[in-house]
């Protein structure tokens with residue numbers, strides 16, 4: 001998989017504004033990337049946050065669990081709890 005880590009900005013003063021996405025590394029570490037690079041299937045954040053389910057959502061063939069992960073659509077409403085929170089078996 002291609003990495004775009006060279007695109008990342010590690011200075012907090014450059015991470016302000018709607019055009020930048022905070023990578024959410026936490027602690028004293030700061031990293032952000034241009035928001036235009038999010039969800040392009042190339043991890044630009046050191047931790048891959050710019051390609052995460054929380055930022056990009058699930059692909060069309062998958063169900064988005066309320067606990068922020070995806071499962072295959074065929075596993076929705078199959079009487080087996082596949083999402084950690086059981087959201088795949090609600091409203092069936």
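Note that Cβ sites are derived from N, Cα and C of the backbone, with glycine treated the same way.
Automatic prediction, not curation, is the source of TrEMBL annotations.
These figures come from a predicted structure and were not determined experimentally.
Around the Cβ of residue 70 (disulfide bond), a 10 Å sphere holds 15 further Cβ atoms from the protein chains shown. Secondary structure at residue 70 (disulfide bond), taken from DSSP and collapsed to helix, strand or coil, is strand. Taken from TrEMBL, the feature disulfide bond covers 58-70 (among others).
Marked as disulfide bond by TrEMBL: 65-83 (among others). In sequence order, 71, 82, 83, 84, 85, 87, 88 constitute the residues six or more apart from residue 65 (disulfide bond) in its chain with CB-CB distances below 8 Å.
Taken residue by residue with DSSP, residue 92 (disulfide bond) is part of neither helix nor strand, so it is coil. Long-range C-beta contacts of residue 92 (disulfide bond), restricted to its own chain and to partners at least six residues apart, with a cutoff below 8 Å, comprise 76, 77. The feature disulfide bond is assigned by TrEMBL to 77-92 (among others).
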Secondary-structure category, per DSSP, in which residue 77 (disulfide bond) falls: coil
